[in-house]
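For GLU51, the entry in Swiss-Prot reads thiamine diphosphate binding site, with the evidence type similarity to another entry. The FAD binding site annotation in Swiss-Prot covers ARG153, 261-282, 304-323 and is backed by similarity to another entry. Summarising the annotation, Swiss-Prot assigns region 'Thiamine pyrophosphate binding' to 397-477. The Mg(2+) binding site annotation in Swiss-Prot covers ASP448, ASN475.
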Amino acid sequence: MKMLSGSDMVIRSLIDQGIKYIFGYPGGAVLDIYDSLKQMHGIKHILVRHEQSATHMADGYARATGKIGVVLVTSGPGATNSITGIATAYMDSIPLVVISGQVASSLIGYDAFQECDMIGISRPIVKHSFLVKNTEDIPKIFKKAFWLASSGRPGPIVIDLPKDILNPLIKKPYIWPKLISIRSYSPVLQGHQGQIKKALHILIKAKQPIIYIGGGIITSNSHKELKLLAETLNIPVTTSLMALGALPQNHPQNLKMLGMHGTYEANMAIHNADVILAIGVRFDDRTTNNVDKYCPNATIIHIDIDPTSISKTISAHIPIVGHARNVLKQILNLLKNQFSKKNIYNLEHWWKQINCWKSKNSLEYDRKSKKIKPQNVIEIISALTNGNAFVTSDVGQHQMFTALYYSFNKPRRWVNSGGLGTMGYGLPAALGVKLALPKETVLCITGDGSIQMNIQELSTAMQYKLSILILNLNNRSLGMVKQWQDIIYSGRHSHSYMKSLPNFIKLAESYGHIGISIHNPEDLEKKLKLALLKLDQGNLVFVDITIDPEEHVYPMQIRSGGMNEMILRTTEHTSL
């Protein structure tokens, strides 16, 4: 039996869990852990420049790989700096384990130096949290934490470690549990067969069905089963922001993204559907608009592993609790064994209507403009990378342009903060992706507002030689804020302009990277090709692109309207 100190147990537990990377920042309460990390081998630590970035890097790592991201921060400000990243992961169901230092057990509650109640602060935004009270409990708690983070609906876990239990002079028996079970937590993995049969009966008789998929399809690795079901039944598919790439964007049945800035055909199809098969979605406000007007004629079948997500905002007529991949396999097996193609309703008229909506060309824009259009930037970079890059974004117009105009044809290639909408996410997340997948092309598409939130991580990129391509869509403003002010507040621009932007090229160069500026549409493709060439040579390349500051993201749903009520262009509204 091994006798280890608490700090050694932390590192040994991570090694036994198979962890390869930790994203963190040292401080007094965790120096014993950092000393153990120095002396033990098997884990690489990535030193960030801010703890928020540590959580975003771990988040990007987790989204791109499906593995659990690990964060290590000190007590007090180190812990509180990680909160935004934890909330980001929680909203999007991303598995993280965040290890936070804490003051000594005897000092908790006495306002000691760098003390904060990390358990209390993080409680609403974690799947579970642990305050470790005994050194010998460390292996068992770590095993539980990693199982909880990845099982059922994934999410972040916090482990708070008081400094005294890490004491390198006190040795305790180290026992790594082979198995773990928590009696109060047992996710349902298989769908109820009766509910599945009922759902399938309704689905194959539908005249205007649609499959609506969310991030749960990505998390559960269900994209192959989804594609097979959609093709077997010839049903159109629409996606939330989080599900891009689960079904190839160029698939003929993919109506692309729905919701606030979704395509005309996606929003019209779901509004007019008579049956909605929703898989791994939350029905959040960005995808429903006014819930009282939501899809008035639809029977809703909702599949989700989290029973609390079902009927939370939109009531499901047929709820099915289970792991999406398992449930889809159950549906496919039932379809194969009990139904023939002659029983499936002919959807010719439905597809004719959908193709009519598609003819609106809701994503068309001015391609002859003398100013650079952000849509054109995304289309060109998508073509140059064959839609195969891993793409991170921040939040705002650039995020929506990327979602609408980049052709994501594989799952896990789109990495963004969907639920919380976190500015400053894109750069550190891209570094996490690149660390996990060093041979892949990684893009960070951002804006002049968002990039400044965590721009210090250009230093981290240089230290670890992480070569990514940053496309800064620079409109000298907070673009989405300005768009809302244009449309809703009669053009009253209150604090949405950036009047003192840095020289991004010189800033990137000061960190040791390559900077490229683009001002003219005719230079766009040529300079983006150059940027990709420099990227392939192992450089981080920062491309500052001056875009049309007046460009808006369309379509845009009308507030408090139905899914079918949209602004298609500046001069065109529709509720037809």
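Note that Cβ sites are derived from N, Cα and C of the backbone, with glycine treated the same way.
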Candidates GLU51, ASP448, ASN475 (binding-site residues); nearest Cα to HIS323 (FAD binding site) turns out to be GLU51
On average, residues of the region 'Thiamine pyrophosphate binding' (397-477) score a pLDDT of 98
By a three-class reduction of DSSP, HIS317 (FAD binding site) is assigned coil
Least surrounded, by Cβ count within 10 Å, of the binding-site residues ASN272, ASN475 is ASN272
Same-chain residues at least 6 apart in sequence with Cβ under 8 Å of the Cβ of ILE305 (FAD binding site), in sequence order, are GLY152, ARG153, PRO187, VAL188, LEU189, GLY216, SER220, GLY280, VAL321, GLY322, HIS323, ALA324
Rounded Cα distance in angstrom between GLU51 (thiamine diphosphate binding site) and ASN475 (Mg(2+) binding site) is 28
Cα-Cα, HIS317 (FAD binding site) versus ASP448 (Mg(2+) binding site), nearest Å, comes out at 45
Check: min Cα-Cα distance from ASN475 (Mg(2+) binding site) over binding-site residues ALA266, ASN272, ALA278 goes to ALA266
ASN475 (Mg(2+) binding site), DSSP three-state class -> coil
Closest by Cα to ASP448 (Mg(2+) binding site), out of the binding-site residues ALA266, ASN272, ALA278, SER311, is ALA266
Binding-site residues considered: GLU51, ASP448; fewest surrounding Cβ atoms within 10 Å belongs to ASP448
Of the binding-site residues listed (ARG153, HIS317, HIS323), the greatest number of other CB atoms within 10 A surrounds the CB of HIS323
Three-class DSSP assignment, ALA278 (FAD binding site), comes back as strand
